[in-house]
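As structure tokens, the structure follows; a few thoughts come after it.
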Ligand code: S3P
């Protein structure tokens, strides 16, 4: 279906001037989007009111009166109760001038299409069925507002026969009043609306009626508070309109009611039998879904007022970092704590959990597979494990956002389940290579489909018997290693991985913490399938990858002295400490201890002049996520820094070699990308406090690039604007706040 771009509407004829029709008229007038508004209402008083309120320039009681004067480019908006639409169509039938577009606002589209067929014998090319997803429990002409549609969705359900020019005109009309327009097939629209709008109205009307008619509850409204008010607001909507919707969308609504009734029955049963697990399952899943929805609504409100869709960091030049800081929990361990805790027997308590979007995506995925997970509340999560074979098929695809770790580790785990599942992600994740996990899983007998070019989505077929393999990793990747080992838990016999260089070993350590035997011998790790995990307590230390931004900040900004508390310093993760020290950084580890099988320390970093180095290749996997920040340190060092053997950086959340080289160049640094690394000429030896020029750089939605350029501003001569920083929330949601507390001057807009 093509949408032809259009000039504004000529005349707008609104048939039925209530909240919906009146608000379109007011909005379009405010946007100078039409030449004239003609109102049509059955009652003369409504006509007079519409004119008096400035909604219509003139008004009539029968649409047929104005049809002869209409011409091509004019629009008739039918905004009457659903079951009256047919009668209005019948009035239009004989006298509608050519080129006039007819559209409507009914909440059910199947009945509008049926009405059109009845009147015209087909769906005419000038008809564009539509449904504005906006409104309020108020109705009538006096409720109309010119801003009702701003940042609200309009669903158009054009038929095959709908003309492109007519569709384009209606699309443009709604955009002119600030709405977002999308198209959908009629049946899909009616099913979606049955579930999300019509069912809630049935329940709200039914509940209020039940309470209002229950004699024993005569005084009940007197005691009803916010919960009742919020839940039943929509029971005050227009009864005629809602009666029509129920009758017009009967089948889809019945389906929704039946589903809801059976869930309500199950809840009733759980309450009757004291099944607290069932109640917690329903309530935690519902809370998570509602919280997610609240965030979606908040973002919408944000775009409404700020008219921006993304986050920009403005990092002001100069400053130093000082104080004691605790950065958020380790991302890799947070993911794994949810995965293993879910598959364990018993209740696992997690502390220090990273409440960032990536780890929350993993948490949500397991909730979607039926695991009861409480929290997170201040980093505490309680996971009611379901055992190795207790996961349930999720209701739809598992969406893991920006998180490569979720997708790749989950792929391994899911290959051993009895159900099919699809894994999807955001735009960045959808470009990342997945054959690196699909190939070994296929060798194990799993059935895994990827999208084009080995990219997401991943479709994993359940019910396959996995066979154990010995897998030499083609690249140093902890995600691939973990994926194979997790699949190995479900395979018959011994599954082993051999890595070309040490990579983070949190999976191996945490499996051992859950009582699963992992045999490790140098580069080889081996598990025997068929074992079980036993719930445990997990204390997630602060993430060294997040701490690195402050290690670099303190190292490059004279006058800095920070203490980073409780940071994980696992030897498979400490490359950034080793590299920065080799460059001359002043880093001391204090209070070294072991917490839950992971080494932890407080890291003190004081300013020290840095020098460029050739980065040893054996450090690359140990600092794989820290290079964007290390490149900033290299730019501030004296002399040249050379990185090789780091081609993996090209397939992270962005191509980090290119993205950093581009940004550094904008800031006046000589940075030359190579296929597997970069060469950076440091400007630290030039006697100037200012290493970076100011400017605008693009983080390409990569959280670590965004934070690295924010740190660079400590040695910049002018402000650095960093675009597309929303994904900082994936790993370090309170970065701006902590950076500010430490002394960096960062504003978020
Ligand atoms: C991770 C492994 C690394 C790392 C990622 C987290 C993990 O990826 O870059 O941020 O938790 O296993 P690769 O395995 O692709 O190197």
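Glycine residues also receive a Cβ, built from the backbone N, Cα and C atoms like all the rest.
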For the 3-phosphoshikimate site that TrEMBL assigns to 331, 332, 336, 477, 479, 625, which of 459, 611, 652 is also named?
652
Feature transmembrane segment in TrEMBL, mapped to one of the ranges 12-31, 32-51:
12-31
Need the DSSP three-state call for residue 656 (phosphoenolpyruvate binding site) to compare against my parser.
helix
Write down the Cα-Cα distance for residue 479 (phosphoenolpyruvate binding site) and residue 652 (3-phosphoshikimate binding site), rounded and given in Å.
12
Close-lying binding-site residues around ligand 1 among 432, 477, 704, where CB distance stays under 6 Å:
477
Could you round the CA separation between residue 332 (3-phosphoshikimate binding site) and residue 479 (phosphoenolpyruvate binding site) to a whole angstrom and send it over?
9
Taking DSSP three-state, what's residue 432 (phosphoenolpyruvate binding site) in: helix, strand or coil?
coil
